[in-house]
């Protein structure tokens, strides 16, 4: 972040991206940690387990923050997790956030 980055107006440069994370990501509090990280970054969206052993969801927020969570999903995850792959799709610019918060879906 450069010195001028904080001056960026709210609501500028929002993006939305879908993600799916493969590896040992179920039963390791992955969703809880993802939600915590998203909230820390001020992002909204959702996360859920899939029937085929992955975790998927959507992230929305300022582009640079979304990028941070993408890196986190790719490399870090929850302490017990082992991420083999993180895939991102449907990346797009949005005018407004479509979620109120970051939810864990059942």
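From the backbone N, Cα and C atoms, a Cβ is placed for every residue, glycine too.
What TrEMBL says about this protein:
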- 31: active site (ACT_SITE)
- 49: active site (ACT_SITE)
- 16-106: domain 'Acylphosphatase-like' (DOMAIN)
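With DSSP classes pooled into helix, strand and coil, the tally for the domain 'Acylphosphatase-like' (16-106) is 25 helix, 39 strand, 27 coil. Model confidence over the domain 'Acylphosphatase-like' (16-106) is summarised by a mean pLDDT of 97. For the pair formed by residue 31 (active site) and residue 49 (active site), distance between Cα atoms is given as 8 Å, rounded to the nearest Å.
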